[in-house]
Amino acid sequence: MAAPPVVNFITGNANKLREVKAILEPAITVNGPVLVEDTGLCFKSLGDLPGPYIKWFMQSIGHQGLNNLLAAYDDKSADAVCTFAYSPGPGQKPILFQGRTRGTIVQPRGPPDFGWDAIFEYDGKTYAEMDKAAKNRISHRGLALAKLQQWFSEQQVA
């Protein structure tokens, strides 16, 4: 059996890279050279803003500013969305894999060391309060990666 090809994961976020490595560690066999990812945090009461612009919202207004955006609304629900795009090579159409977790925006709880994890609550805990392995099983990124892994598994069978 030939060795799997190298896949380049493109991100400027060291925390995201560590998380993806942890999720994929059990073993992923790939058939292509490029994998990219983007994440959004979509507030239902704001028509899905900030969405993919969450990085810039975090840099500009932080956790408290995000909470302040929702202060006038009863609905604090949000979707954490992760989309991976895989391209087998130049000129090939990318294949998309999306994971989505419904949660609630809350006052910061837990370590504030990874983006908006301290304000996104799922099932009574913020992502920041969760054990990393437990978070990876239910998170938007974990769900998207599970779809990607399933797709790769099916490609090997075909």
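Placement of Cβ uses the backbone N, Cα and C atoms for every residue, glycine included.
As written in TrEMBL, here are the features:
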type	residues	note
BINDING	11-16, 38-39, 114-117, K135, 140-141	ITP binding site
BINDING	D38	Mg(2+) binding site
Self-check item: Local Cβ density at F114 (ITP binding site) - other Cβ atoms counted within 10 Å
Solution: 18
Self-check item: Cβ packing number for D38 (ITP binding site), 10 Å threshold
Solution: 14
Exercise. Work out the three-state DSSP category of R141 (ITP binding site).
Key: helix
Quiz prompt | DSSP state at D38 (ITP binding site), helix/strand/coil | solution = strand
